Each structure stands twice: as structure tokens, then as C-alpha cells.
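What Swiss-Prot annotates here:
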- 1-22: region 'Disordered' (REGION)
- 12-22: compositional bias 'Polar residues' (COMPBIAS)
- GLY36, SER37, GLY38, LYS39, THR40, THR41, ARG142, GLN178: ATP binding site (BINDING)
- THR40: Mg(2+) binding site (BINDING)
- ASP58, ARG82, GLY104, ARG161: substrate binding site (BINDING)
Amino acid sequence: MHFRYNYRMQRSKTPNTKNSDTGSIPGNIILIGMMGSGKTTVGKLLANLVGKTFIDIDHEIQRRTGVGIPVIFEIEGEAGFRKRESEVLRDIVRQQNIVLATGGGAILHPDNRALLRQHGTVVYLCAPVTELRRRTYLDKNRPLLQTGNVHAKLIELFTQRDPLYRETAHIIMDSGRQSARAFVQKLIQKLRQSNQEFTAAGSPPCVKPSE
């Protein structure tokens, strides 16, 4: 079964550049991490504060296909979904001045990891599995978590994906239990620091979490 595609890019509301907290953060900001790590919540707030456009790749896939993620998994399987995800990702990263929230499994393909690093500053939102479970265990829109033991599945996925997130990221931030606004303010500081170090050193640094 093939879903319809609509290639008009979906945008968030016009960025709030008047009250922007950007200082100087050029280019795209790409958020990676496990499901439940806060990519969408953080991404929307960050985009508003730094005057960029927010795009959620899962929402874009659903908009283009006209169906929810669980339906794609049911009909095409995870492999079919990953193929669509990669296609949409290639389209989106060509956009300028965006904050992109990726899907949790977007980093599974090596080409995707290279693409993300090439087209923006990649930020890994890292949260403990216990916190991920608290945020996701009632969510029926996550096909990989429709299992009898959500905690065990999250451990399995985290074990598989954490090294790939770390390999891909320029910045790693702990997105555990703190307010979204406090987290985003810390992230903006890290992004400014990262940009300064990139300018001086000529290559993106990997900033490890200090708290």
C-alpha cells in the first residue's frame, strides 16, 4: 500500500524574532534522542526563543502520508517507516534556519547520521530510562512500545541507540527532570559556546553534560 505525498513543507508559526534570545546562533539545530526525551517540547520552545522555524519529522511524515505513525508501522513495518523517514529527512535538512526534532530511530542508518551532522548542530537530549518510561508508558502512538514490558523495551532501545546518538551529536545534554524553559536556557548557552569553539577550532566540539 502506498500513501499519498504532499510536498508542501509544514511550518510552525512564524518565529518570534522580535523577542528572540538568539544572540548569534547560526544554522540549523537538530535534536536527537530517545522517544520521550523531550525533543518536540524543547524544539518548539527553542525555535521560538532563537527565532527559527520548528519542524517535527514525525509530524511531517504523518502530514505527507495522511495517516498516523502506527498505521505506517502496521502496513509497511518498521523497515518501510525508516525508508520514509530517511526520504523526508533528506528533504527537510535542505531547509535553512530550522530547529528539527528527529524521530528516535532516525540515527539508525549511517547515511542519516552523516546527513544530520552535515546540515546542522546536532544536540543529543539524553534522559534516564526511568524518566523515558514515565513520559511514554501511556502513549499509544509509539508502535515500538506497544509491548507487555515497556521498561525492558526502552532499555533494549537505549542500549542499541545511545552509542549512535553520541557518535552523531556535537552537544550532549541531560534532559531529565527539570523545566523545559530552564533546560532550553542551558542549551542556548551551550549552542553559543559550541558556535564560538567551532569558529576558533574549525570543527564542531562535543560538549558533554556537566550536570
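A Cβ is built for glycine as well, from the same backbone N, Cα and C atoms used for every other residue.
Annotated features, which come from Swiss-Prot, shown on the structure.
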residue	record	DSSP class
GLY36	ATP binding site	coil
THR41	ATP binding site	helix
ASP58	substrate binding site	helix
GLY104	substrate binding site	coil
ARG142	ATP binding site	coil
ARG161	substrate binding site	helix
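One residue stands out among the binding-site residues LYS39, ARG82, ARG142, ARG161 for having the most other Cβ atoms within 10 Å of its Cβ: LYS39. Residue environment of GLY38 (ATP binding site) contains 24 other Cβ atoms, counted within 10 Å of its Cβ in all protein chains. Residues ASP58, ARG82, GLY104, ARG161 make up the record's substrate site, and a Cβ search at 8 Å around their centroid adds MET35, GLU85, THR102, GLY103, GLY105, ALA106, ILE107, LEU108 from the same chain. Within the set of binding-site residues ASP58, ARG82, GLY104, ARG161, the entry lying nearest in space to GLY38 (ATP binding site) is GLY104 (CA atoms). Counting only the Cα atoms, the space from LYS39 (ATP binding site) to ASP58 (substrate binding site) is about 11 angstrom. Ranking the binding-site residues ASP58, ARG82, ARG161 by the distance of their Cα atoms from the Cα of ARG142 (ATP binding site) places ASP58 first. By a simple count of nearby Cβ atoms, those within 10 Å, the most crowded of the binding-site residues SER37, THR41 is SER37. Sequence-distant neighbours of GLY104 (substrate binding site): residues of the same chain at least 6 apart with a C-beta under 8 Å from its C-beta are GLY33, MET34, MET35, SER37, LEU157, ARG161.
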